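Report on the following structure.
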């Protein structure tokens, strides 16, 4: 035998509402939890179902003393449905009005854009201008490397690199002097080591040649 299908949330809501409508009485939550199973709603679900009905204004609740009572009358449900209906009608009216405004705006925008020889010529001219703009933009990008601002940034970067290179040259000279003073007996071995790492007799500070501005504009 197939397993019996449980009630959906909407079906549970209807069952709980039947309890209220059938008696038109006031209930505590614990009383509803006892009546729920008789309608097919398990006790553990009653609280959540009742709360969902309260959230949708289909069930009212109020605290009297230390107890919270719940109730709902058929007339309350009718009022709720009427309120929903009025809201939907208002939204529909607003949507229709907005639609009419958009249609009117669309018709207004079409004026002056009717197909004509003048319009076609204007569109062709606009397309040609856009094409020329695109070509000029591409050409400008080709000369981006010669931009004065880019050149100035490159010049400053070269100066920083030059200073750093000569600073390390100072460090190497200082290290060589220190080694000569502290290990004079290893002069030959040190000379061979210097040559192996590229420190030859012509090793010296780097000179920075000025970059002519004309090279930027060529």
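From the backbone N, Cα and C atoms, a Cβ is placed for every residue, glycine too.
Over in TrEMBL, the protein carries these features:
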type	residues	note
COILED	85-146	coiled coil
DOMAIN	16-74	domain 'Mnd1 HTH'
DOMAIN	150-206	domain 'Leucine zipper with capping helix'
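Across the range of the domain 'Leucine zipper with capping helix' (150-206), the DSSP-based residue counts are 46 helix, 0 strand, 11 coil.
A mean pLDDT of 78 is what the model gives for the domain 'Leucine zipper with capping helix' (150-206). Secondary structure of the domain 'Mnd1 HTH' (16-74) per DSSP, as helix, strand and coil residue counts: 33 helix, 12 strand, 14 coil.
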